[in-house]
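Here is the structure we will look at, set down as structure tokens.
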Amino acid sequence: MQNLIVAVVAYLIGSVSFAVIVSAAMGLDDPRSYGSGNPGATNVLRSGSKKAAILTLIGDAFKGWLPVWFVVHFGARYGLDDTSVAIAAVAVFLGHLYPAFFRFKGGKGVATAAGVLLAINPILGVATLLTWLIVAFFTRYSSLAALAAAVFAPIFDGFLFGPHIIALAIVVMSSLLVWRHRGNIAKLMRGQESRIGDRKKADAAAKPTAGSDV
């Protein structure tokens, strides 16, 4: 029963879409209506508002961090263990990808996954974030950086901690993140992928395409 409660609460926390909420609060267009069409920080940045993008990034990372951190640090007193941590991690991530509050149409989960990893272990989280930053800095492709981080996160975890149940959750999240970027992979191969900082087109009413997002 405890793990079911963990799953439901974590999923609902993950279902809060900061991209939509922040954009609405700041009088910006709905991020689902331009650019990649995905509610994430990278797409919000295409609105031209760095402040909104930063707030979205922080919010999405925080919601991933919160339930996992709580279970890691306070779970034992409620009979929770590493399995509960793994459940919280996957549930909050799924909440971001398929949010109940926004018709199950969410972002791609990079910032939320980063928050989850930081909660599991700060060293693991920082190593994965550095991977994203290095690739993003040299290529300016958010999607390519996300894919690199998704590949290396389970590797970093294996080197740091060896086999454990939480590693399975990390593999699941990484696999889902790569799956959510399948459109980006195709666009990268065609040389059509949007770069970080590209603004939305003047014809914002045009149908969104599958661009990068965090």
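The first residue you see is number 1, and the count goes up from there.
Using N, Cα and C of the backbone, Cβ positions are placed for all residues, glycine too.
Marked as transmembrane segment by Swiss-Prot on the basis of sequence analysis: 4-24 (among others). Tertiary proximity for the transmembrane segment (4-24) is limited to same-chain residues at least six positions away from its ends with a CB under 8 Å from its CB atoms, namely 30-32, 39-41, 43-44, 47, 52, 55-56, 58-60, 63-64, 66-68, 71, 80, 84, 87-89, 91-96, 99-102, 106-107, 112.
The transmembrane segment annotation in Swiss-Prot covers 52-72 (among others).
What Swiss-Prot records for 82-102 (among others) is transmembrane segment, and it gives sequence analysis as the kind of evidence.
The transmembrane segment annotation in Swiss-Prot covers 118-138 (among others) and rests on sequence analysis.
Proximity of distant same-chain residues to the transmembrane segment (159-179), defined by a Cβ-Cβ separation under 8 Å and at least 6 residues beyond the stretch ends, is recorded for 82-83, 85-87, 89-90, 93-94, 97, 108-110, 113, 116-117, 120-121, 123-124, 146-147, 150-151, 153. The transmembrane segment feature in Swiss-Prot is assigned to 159-179 (among others); the stated evidence is sequence analysis.
Outside the transmembrane segment (118-138), and at least 6 residues removed from its termini, the chain residues within Cβ reach (under 8 Å) are 61, 64-66, 68-69, 72, 85, 89, 110, 144-146, 148-149, 152-153, 156-157, 160-161, 166, 170, 196.
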